[in-house]
C-alpha cells in the first residue's frame, strides 16, 4: 500500500467520522413514514358505524400469498353489521404469509380493507400473528404485541412512527403527531 493510498483512506475515514450519522435511532426516535407505506391491515367502517366489508372475498382471491380467509354470512336486517346483504363473519389475515403488496386493497369494491401504518408486528406465537376481524377494525390502536405490552405496563400504546399525511381511506384512524403519540 502506497503512502498516497493510505492518506486517501484515512481522509475518507476522518470525513465520515465527523459527519452526521446515517442510521436512525429507531426505538428512541419515531420513524417518519411515507404516505404510500404498506403496514398492518385496517378494516374501515362507514360514518354510521357499520362495517364496509360485505364478505365478497375478492381480497382473498386477489391475494398472491393466500394469506386472507373470509367467511361470509347473511346480514340480519334488524341488526345489520354491514351495509350490504352479507358481512364477513370471519375475517382473518395471516401476517406471516402476507407480503404487504396491497392487492387486497385494490380488489376491495367497498374500500373496506386498507393497509395502515403499523409495522411493529413481531411476536412469539404463530397464532398471535393471525389477525382476526376484531384486531383489524379501524378503532383498534396498535398491533397485538403493542396492545399486550401496553396492558402489561399500564401505559398507552406507543407507536414508533410519525405519519406526515393521513390517507382519507383511514376514516377514524388517529395518526400520531411529531412526538409519536396519537
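Glycine too: its Cβ is placed from the backbone N, Cα and C atoms.
As recorded in Swiss-Prot, the features of this protein are as follows:
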| type | residues | note |
| --- | --- | --- |
| DOMAIN | 43-73 | domain '4Fe-4S ferredoxin-type 1' |
| BINDING | 53, 56, 57, 59, 108 | [4Fe-4S] cluster 1 binding site |
| BINDING | 63, 98, 99, 101, 104 | [4Fe-4S] cluster 2 binding site |
| DOMAIN | 89-118 | domain '4Fe-4S ferredoxin-type 2' |
Cβ neighbour count within 10 Å of residue 59 ([4Fe-4S] cluster 1 binding site): 24
Cβ-Cβ distance under 8 Å to residue 101 ([4Fe-4S] cluster 2 binding site), same chain, at least six residues away: 38, 64, 65
Summary of DSSP states over the domain '4Fe-4S ferredoxin-type 1' (43-73), given as helix, strand and coil counts: 5 helix, 9 strand, 17 coil
Cβ-centroid neighbours of [4Fe-4S] cluster 2 site 63, 98, 99, 101, 104, 8 Å, sequence order: 64, 65, 67, 68, 97, 100, 102, 103
Under 8 Å by Cβ from residue 57 ([4Fe-4S] cluster 1 binding site), counting only residues of that chain that are 6 or more apart: 70, 72
Binding-site residues compared (56, 99, 108) - highest count of Cβ atoms within 10 Å: 108
Listed binding-site residues (53, 98, 104), ranked by Cβ neighbours within 10 Å, top entry: 53
Residues close to [4Fe-4S] cluster 1 site centre defined by 53, 56, 57, 59, 108, Cβ within 8 Å: 54, 55, 58, 60, 70, 88, 104, 107, 109, 110, 112, 113
Euclidean distance between Cα atoms of residue 104 ([4Fe-4S] cluster 2 binding site) and residue 59 ([4Fe-4S] cluster 1 binding site), Å: 4
Distance from residue 56 ([4Fe-4S] cluster 1 binding site) back to residue 104 ([4Fe-4S] cluster 2 binding site), taken between C-alpha atoms, in Å: 12
Cα proximity to residue 63 ([4Fe-4S] cluster 2 binding site), best match among binding-site residues 53, 56, 108: 108
Distance from residue 98 ([4Fe-4S] cluster 2 binding site) back to residue 53 ([4Fe-4S] cluster 1 binding site), taken between C-alpha atoms, in Å: 19
Counts of helix, strand and coil residues, the domain '4Fe-4S ferredoxin-type 2' (89-118), according to DSSP: 5 helix, 9 strand, 16 coil
Protein Cβ atoms within 10 Å of residue 63 ([4Fe-4S] cluster 2 binding site), excluding its own: 20
